[in-house]
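Quick notes on the structure that follows.
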Amino acid sequence: MLMPEKTTPIQQKNNIPRINESPAVFMDSSMINDSRLLEVAAKLAARERLDAADGMALMTTKDLLGLGAMANAVRRSLRGKKAYYVLNRHVNYSNVCVNHCVFCAYWRAPQQEGAFCLSPDEAARQALEEPDLDLSELHIVGGCHPDLPFDYYLELLRALKKARPKATLKAFTSVEVAHFAEISGKSPEQILVELKEAGLGSMPGGGAEVFAPRVRRELCPRKADAKTWLEIAGMAHNLGIPTNATMLYGHIETPEERVDHILKLRDQQDISGGFTAFIPLAFHPGNTGLKARFCGTTGMDDLRVMAASRLLLDNFPHIKAYWVMLGPKLAQVALNFGADDLDGTIVEERITHMAGAQTAPGLTENALRGMIEAGGFEPVRRDSCYNSLEDVE
Ligand code: V47
Ligand code: SF4
């Protein structure tokens with residue numbers, strides 16, 4: 001299969017490079033012991049696109065070091081020794097949600113103990129809690145609240161933009177946008193246009209979970225389906241709004257379903273081109289409806305998903321090792337397994353910590369730079385769209 005040759009408008013605007021224009025991949029095949037991986041390595045060297053069978057070889061191999069060497073060769077051909085991080089803060093405006101996903105420990109019913117909903121002013125005050133932190137990004141997500149009017153979300157963006165004018169507002173997943181359309185009677189395009197006018201700069205990649213209908217039926221039947229998620233991401237890209245993409249792994253999904261999910265994202269990226277990063281999300285079972293069946297992902301699987309993603313997503317510029325879910329130590333190692341970004345300072349994280357994550361609530365810039373340097377990489381402070389801020393005063 002050949003890769004499309006045309007660069008989409010959002011790729012040009014955001015300076016998103018195409019991977020098939022990147023330098024050739026030099027791979028030391030003496031590192032590879034799995035014969036199936038050797039076949040994939042030969043395809044990569046010939047710049048052939050990988051298919052689902054290749055994906056299965058990557059997603060099921062026990063040859064972690066061979067797989068890592070392949071992903072690292074691609075990562076180094078794209079980014080050299082650069083490893084990105086961002087000064088960001090999470091703002092969770094509400095945990096009230098009508099979707100009740102089985103894997104989620106974050107949601108509460110409207111009157112339930114622990115339910116919260118910040119006013120736009122309260123959210124803005126929260127965004128200003130660390131006045132000395134020169135934030136480049138606010139990561140803003142909540143649940144699908146049954147009663148908040150769409151105007152609330154516009155007010156929320158305006159208040160946050162006023163509080164932090166220099167920060168990109170990375171807000172609302174495709175699932176939230178689908179919900180806003182449903183409660184307001186507006187089309188998802190109209191919702192996106194109005195959010196953009198109110199200050200939306202980019203969108204996070206949550207809500208994708210695993211696209212397979214079998215998984216969604218069992219774990220998140222009320223949530224927007226795969227087609228809707230992908231369509232809204234495409235609409236955002238066409239409106240010039242870059243977005244991320246995720247996959248929640250380590251629960252009931254099969255290796256085939258993981259590969260299918262990743263290839264669906266690759267297909268969408270071929271069409272609309274506005275995905276900036278892919279983030280594999282390691283499932284945390286604590287306090288969720290799956291806690292009796294799962295005990296968390298293994299380091300082997302975390303690194304395998306990271307490396308397989310880098311190799312399959314030939315049109316995604318960045319792969320993020322989200323330290324909150326992987327832990328800082330494994331996230332640092334993941335920089336050698338295809339990842340080129342650690343996310344950021346975060347300050348306060350709720351979704352994973354309510355599901356039992358033991359990581360710190362946030363990290364300092366020094367800690368992030370130290371992790372990157374100690375791993376043998378060059379830290380690059382970035383904005384939400386991966387522009388370097390290293391030389392900016
Ligand atoms: O959509 C829910 C997942 C997502 C659990 O775009 C869980 O830069 C693990 O999308 N264990 C939200 N994960 C987080 C997210 C994200 C994070 C960091 C960066 C970006 C980005 C996006 O977390 C949800 C869902 O897929 N999630 N419950 C859990 N128990
Ligand atoms: Fe709601 Fe998101 Fe949690 Fe699902 S994952 S219950 S949509 S907050």
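Just so you know, the numbers here start at 1 and follow the chain as drawn.
From the backbone N, Cα and C atoms, a Cβ is placed for every residue, glycine too.
Look at TrEMBL and you will find C97, C101, C104 tagged as [4Fe-4S] cluster binding site. TrEMBL lists F103, E209 with the feature S-adenosyl-L-methionine binding site. Residues annotated as domain 'Radical SAM core' in TrEMBL: 83-317.
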Cα separation, C97 ([4Fe-4S] cluster binding site) to F103 (S-adenosyl-L-methionine binding site) (Å, whole number): 13
Binding-site residues near ligand 1 among C97, F103, C104, E209 (Cβ under 6 Å): F103, C104, E209
Whole-number mean of pLDDT values that fall within the domain 'Radical SAM core' (83-317): 97
Distance-selected binding-site residues near ligand 2 (C-beta under 6 Å), from C97, F103, E209: C97
Integer Cα-Cα distance in angstrom, C101 ([4Fe-4S] cluster binding site) to E209 (S-adenosyl-L-methionine binding site): 10
Cα separation, E209 (S-adenosyl-L-methionine binding site) to C97 ([4Fe-4S] cluster binding site) (Å, whole number): 16
List of residues, in chain order, with Cβ under 8 A from that of C104 ([4Fe-4S] cluster binding site) and at least 6 apart: C97, T288, I351, A355
Chain-mates of C97, C101, C104 with C-beta within 8 Å of site centroid, [4Fe-4S] cluster: N99, H100, F103, Y106, W107, G143, C220, K223
